[in-house]
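Notes follow once the structure below has been shown.
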Amino acid sequence: MADWLIGIIMGAVEGLTEFLPVSSTGHMILTGHLIGFDDDRAKVFEVVIQLGSILAVVVIFWKRLWSLVGIGKVTDGPSLNLLHIIIGMIPAGVLGVLFHSAIKEVLFGPGPVVISLVAGGILMIVAEKFSKPSTARTLDEITYKQAFTIGMFQCLALWPGFSRSGSTISGGLLARVSHTAAAEYTFILAVPMMVAASGLDLIKSWDILSTADIPLFATGFITAFVVAMLAIVSFLKLLSRVKLTPFAYYRFILAAVFYFFIM
């Protein structure tokens, strides 16, 4: 298959699934397997196109991101600030640094991904069933305690297949944060976390990179960016009408497909 087509297909899958609670890792592994793109180059490619998805968040939430560092103000009252983000980053950041190699060796495989797809789906159903009325209906109403709770749930996203948004939105619901506010916080929180993780992976995989792969990486990056933009905007609108449960059932189906076609 031509590199440009691989770039478009994989970039579209990454952009569509990175911020939905369905596991981008599971979809990337499955798609790569189906089109025969699953070598060492593919691993570096996935890191690069993740940056395209991150750029989509930066573009959509640029005013909010500027306000976090004291440039501009999105509301006259109390608002989300940089400390909310730092608090949310600490749990997964610490675990990620301490156990980065172990996570890559133990959890990056078909078996662990199938388990996490199912476990993540169950978590989402439980969160919907046992969540109480929201005390934080907007992003600016999130407390430091709620930010820390969401950050703790983000630790689950270190397990490939669990889904960052699925884990953190579920944590937000259990901490009495609304669906939309939890999702928006999740997307903003993902920017520093994913940049750090992708940067670390790129440094460790630098010797695999080749100038011959630039067209492939560029195509995937641009595709992931465009599709992620559309996916984020659509998902935020959808959350006001549809809860996490349908995504949980989809994860169960994906786990079955993964089990029969990959394992």
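Numbering starts at 1 and runs along the chain as displayed.
Positions of Cβ are set from backbone N, Cα and C atoms, glycine also.
The feature transmembrane segment is assigned by Swiss-Prot to 17-37, 42-62, 83-103, 106-126, 142-162, 183-203, 216-236, 242-262, with sequence analysis given as support.
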Contact between the transmembrane segment (42-62) and the transmembrane segment (183-203) (at least 3 Cβ pairs under 8 Å, separation 6+): yes
Remote residues contacting the transmembrane segment (17-37) - C-beta distance under 8 A, at least 6 residues beyond either end: 1, 6, 9-10, 45-46, 50, 53, 57, 110, 113, 116-117, 120, 124, 160-166, 169, 186-187, 190, 224, 228, 231-232, 235, 244, 247-248, 250-251, 254-255, 257-258, 261-262
Beyond the flanks of the transmembrane segment (183-203) by 6 or more, those residues with Cβ under 8 Å of it: 19, 44, 47-48, 50-51, 53-54, 57-58, 60-61, 64-65, 68, 80, 84-85, 88-89, 92-93, 96, 100, 139, 142, 147, 150-151, 154, 164-165, 168-169, 172, 177, 232, 235-236, 239
Long-range neighbours of the transmembrane segment (142-162), counting only residues six or more past its ends (CB under 8 A): 23, 25-26, 80, 83-85, 87-92, 95-96, 99, 103, 107-108, 112-117, 119-120, 123, 136, 168, 170-172, 174-177, 181-182, 185-186, 189, 193
Folded-back contacts onto the transmembrane segment (106-126), same chain, C-beta under 8 angstroms, at least six residues removed: 21, 23, 25-26, 29, 156, 158-163, 166-167, 169-170, 244-245, 247-249, 251-252, 254-255, 258-259, 262-263
